[in-house]
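S.K.: The region 'Disordered' annotation in Swiss-Prot covers 1-21. Positions annotated as domain 'EF-hand 1' by Swiss-Prot: 39-74. What Swiss-Prot records for Asp52, Asn54, Thr56, Lys58, Glu63 is Ca(2+) 1 binding site. Positions annotated as domain 'EF-hand 2' by Swiss-Prot, on the basis of a curator's inference: 75-110. Residues or ranges marked as domain 'EF-hand 3' by Swiss-Prot on the basis of sequence analysis: 120-155. Residues annotated as Ca(2+) 2 binding site in Swiss-Prot: Asp133, Ser135, Asn137, Glu144. Annotation comment: Swiss-Prot describes 157-192 as domain 'EF-hand 4', evidence class sequence analysis. For Asp170, Asn172, Ser174, Ser176, Glu181, the entry in Swiss-Prot reads Ca(2+) 3 binding site.
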Amino acid sequence: MGACGSKGSAGNKDGKSATDRKVAWERIRQVIPREKTAEANERRIDLFKKFDKNDTGKLSYDEVYSGCIEVLKLDEFTPRVHITKRAFNKAKDKGSKLENKGSEDFVEFLEFRLMLCYLYDYFELTVMFDEIDTSGNMLLDAKEFEKAVPKLEQWGAKIEDPAEVFKELDRNGSGSVTFDEFAAWASARKLDVDGDPDNVPESA
């Protein structure tokens, strides 16, 4: 992506075009087994074993990061693979809170589905951002945001005053919204591109 040219063919700051990411996203959606089905559970068991290189029955962050690149190949979608740390931390913390057990430093199989759900959600935010960022400069301006209101509402947002909401996103008052600012806002509102009925609620 870039500031000039079509969004689909231009390059952006992280070296991935919107078209590249869309193709990669369709593949990633298929390889993250987050559904509550017997078939998905079997796939999770197999995936967990591939991540668990030390065969300890629990995953360190290094193992998760390595698995996301070597097994899931998430780096084909975006170099922002570091966001796996957010999914890892949320899953292990929530798993321990829900079950009153688990490790503070590892994700066990009990929390593995939670982690995959969070991972999916974080990467889905990149898809949303690409849809709105029509200039392709990896920043949202007020006009882009206002134009995207119908799409944002389809994803679950409730926006009565686009200008006020944009100011809320633009925390530093720069006049533009970064991916991180958008991600924080969208995550808090649980926006969803594909209407997934099985998202993990924050209060779960």
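For all residues, glycine too, the Cβ spot is worked out from N, Cα and C.
Mind mapping these onto the model and telling me what they sit next to?
M.R.: Long-range contacts of the domain 'EF-hand 1' (39-74) within the same chain: residues 28, 31-33, 81, 84-85, 88, 103, 105-109, 112-113, 115-116, 119, 123, each at least 6 residues beyond the stretch ends and with a Cβ under 8 Å from a Cβ of the stretch.
In the three-state DSSP scheme, Lys58 (Ca(2+) 1 binding site) is classed as strand.
This prediction places the mean pLDDT of the domain 'EF-hand 2' (75-110) at 77.
Asn137 (Ca(2+) 2 binding site) falls outside any helix or strand according to DSSP and counts as coil.
Tertiary neighbourhood of the domain 'EF-hand 4' (157-192): same-chain residues 80, 121-122, 124-126, 128-129, 132, 138-142, 145-146, 149, 199, 201-202, selected by CB-CB distance under 8 Å and a gap of 6+ residues from either end.
DSSP gives Glu181 (Ca(2+) 3 binding site) a helix state.
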S.K.: Taking DSSP three-state, what's Glu144 (Ca(2+) 2 binding site) in: helix, strand or coil?
M.R.: helix
S.K.: For Glu63 (Ca(2+) 1 binding site), what is the secondary structure state per DSSP, taken as helix, strand or coil?
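M.R.: In three-state terms, Glu63 (Ca(2+) 1 binding site) counts as helix.
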S.K.: Could you tell me which three-state DSSP class Ser174 (Ca(2+) 3 binding site) falls into?
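M.R.: The three-state answer is coil.
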S.K.: If one measures from the C-alpha of Asp52 (Ca(2+) 1 binding site) to the C-alpha of Glu181 (Ca(2+) 3 binding site), what distance in angstrom results, rounded to a whole number?
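M.R.: Distance between the two Cα atoms comes out at 33 Å.
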S.K.: Compared by Cα position, which of the binding-site residues Thr56, Lys58, Asp170, Ser174, Ser176 is the closest one to Glu144 (Ca(2+) 2 binding site)?
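M.R.: Of the binding-site residues Thr56, Lys58, Asp170, Ser174, Ser176, Ser176 has its Cα closest to that of Glu144 (Ca(2+) 2 binding site).
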